[in-house]
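Enquirer: So that we are looking at the same thing, I have put the structure below in structure tokens.
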Amino acid sequence: MSAFKPYTEALEVLKKYEKKDGLSIDDLIRHNFQGGLTFNDFLILPGYIDFVPNNVSLETRISRNIVLKTPFMSSPMDTVTEDQMAIYMALLGGIGVIHHNCTPEEQAAMVRKVKKYENGFILDPVVFSPQHTVGDVLKIKETKGFSGIPITENGKLRGKLVGIVTSRDVQFHKDTNTPVTEVMTPREELITTAEGISLERANEMLRKSKKGKLPVVDKDDNLVALLSLTDLMKNLHFPLASKTSDTKQLMVAAAIGTRDDDRTRLALLAEAGLDAVVIDSSQGNSCFQIEMIKWIKKTYPKIDVIAGNVVTREQTASLIAAGADGLRVGMGSGSACITQEVMACGRPQATAIAQVAEFASQFGIGVIADGGIQNVGHMVKSLSLGATAVMMGGLLAGTTESPGEYYVREGQRYKSYRGMGSIAAMEGTGVNKNASTGRYFSENDAVRVAQGVSGLVVDKGSLLRFLPYLYTGLQHALQDIGTKSLDELHEAVDKHEVRFELRSSAAIREGDIQGFATYEKRLY
């Protein structure tokens, strides 16, 4: 038997190998023995760890001038991002892109709510009138998840406050037709505070009152805002919050189309304080989008333009040349999208990200992986291929902060979710030229051709729990790879220090759960 080498020579022996273990990104993407790749087709090989996960920075650039503390973006879909989603995305270090399947005035109002948001103050609470009933309160509790509702004379914000009703007032009340005035806490028994109070003082006042809600009123006793003890406890510290450097307001983006009336829409959004505009199209390489990019850069030079969607170098070059500051990558890869099936057009998402990012990185352009993101692993793979951010639609659709009501089936809570190419979205606003038809170039079609589906997704709870889980998961993944930041990850991939491995179908099965008769997959 031949003698083994001394263990002290292991590192020297390793140097004799001509190539590092695994594949470089060039080997992975530019091979000629396999078609396009998606996330489950490969893995990232582990590196060397000499730091703890908490030391990993996820700071990233989503566009030429916007840097965030996390790479998270919410998709401009009407069942994903409105003002509540955008507020909490920004508080947690990401940014929300408010959909445009609504009137320009409604969209601008949502942008304004995000910009005016101050942690803890609820500026658009649900408000009831004295004519509402106990049944109405119970319905709000079931569909919205809360029941502390102020009562005003006209049932609107800035109406004269007459009382407040909470879950304690109605939980044992059997007659659902009873007016809320018979069970509510009347105005004279309420503790309120005056408009203009600082959050710190209001917080202290709410704590001392030992109440769950604190109404904020003006000099005429009209309701102007509401404070919630639960929200205040959640909102005390957001160290990652995405804020502008000058005004310290939360950052927000919004989507528009490429029609002439979208220029009027953008004027309202800019007036509301928009930080970035996303030109929303399934196929971005069009004369319409190029013309729109040039017009925006000339008219609103301080607003970053995120263009797309693209999946090829040629598309990418066209939009960069027009002036795009960031690009969305993906065509037909979204969970609610059937473009590849119906149109036979698109590209596997991993290959699309790698090809676009390789070209766009030469120009300092943000690259946003948009579609196909189902878990933390997919995010890590997107970022390792050159993406600087990930956009989530279906992954966020079931959260508390997404628009829409809850549905309960067989004891499980769901929320509605639909692709913007679905028939439901195309017909949802009752307006022929809505955001969905514009996105898929079908405004003038007599017959609709769906490129998406609609349905229900399981309730995921609050973004306040879900996004920190994603953030921590990414930190641990980068630790396994051996890189301390996203910039370091991209640099290590470019230098071929980070290595990859293709997976066979059997290898994919091996990486899945095996051997259990039953199991619970609890992620956080």
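Backbone N, Cα and C atoms are what each Cβ position is placed from, and that goes for glycine too.
According to Swiss-Prot, the protein carries these features:
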type	residues	note
DOMAIN	121-180	domain 'CBS 1'
DOMAIN	184-242	domain 'CBS 2'
BINDING	ASP280, SER281, SER282, GLY330, MET331, GLY332	NAD(+) binding site
BINDING	GLY332, GLY334, CYS337, GLU510, GLY511	K(+) binding site
BINDING	SER335, ASP370, GLY371, GLY372, GLY393, GLY394, TYR417, ARG418, GLY419, MET420, GLY421, GLN451	IMP binding site
ACT_SITE	CYS337	active site, thioimidate intermediate
ACT_SITE	ARG439	active site, proton acceptor
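I would like each feature placed in context: is it buried or exposed, what are its neighbours, and how far apart are things?
Expert: Helix first, then strand, then coil: DSSP counts for the domain 'CBS 2' (184-242) stand at 20 helix, 16 strand, 23 coil.
All chains included, 30 other C-beta atoms sit within 10 angstroms of the C-beta of ASP280 (NAD(+) binding site).
A simple way to gauge crowding: the CB of GLY371 (IMP binding site) has 28 other CB atoms within 10 angstroms, across all the protein chains here.
Packing around CYS337 (K(+) binding site) is summarised by its Cβ count: 25 other Cβ atoms lie within 10 angstroms of its Cβ, all protein chains included.
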Enquirer: Using DSSP and three states only, what is GLU510 (K(+) binding site)?
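Expert: GLU510 (K(+) binding site) sits in a helix per DSSP.
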Enquirer: Over the span of the domain 'CBS 1' (121-180), how high is the average pLDDT in this prediction?
Expert: 86
Enquirer: Do any residues at least six apart in sequence from GLY511 (K(+) binding site), in the same chain, have a Cβ closer than 8 Å to its Cβ, and if so which, in order?
Expert: LEU43, ARG503
Enquirer: Would you work out the biggest C-alpha to C-alpha distance among ASP280, SER281, SER282, GLY330, MET331, GLY332, the residues that bind NAD(+) according to the record, and give it in angstrom as a whole number?
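Expert: Max span of the NAD(+) binding residues, Cα based, is 14 Å.
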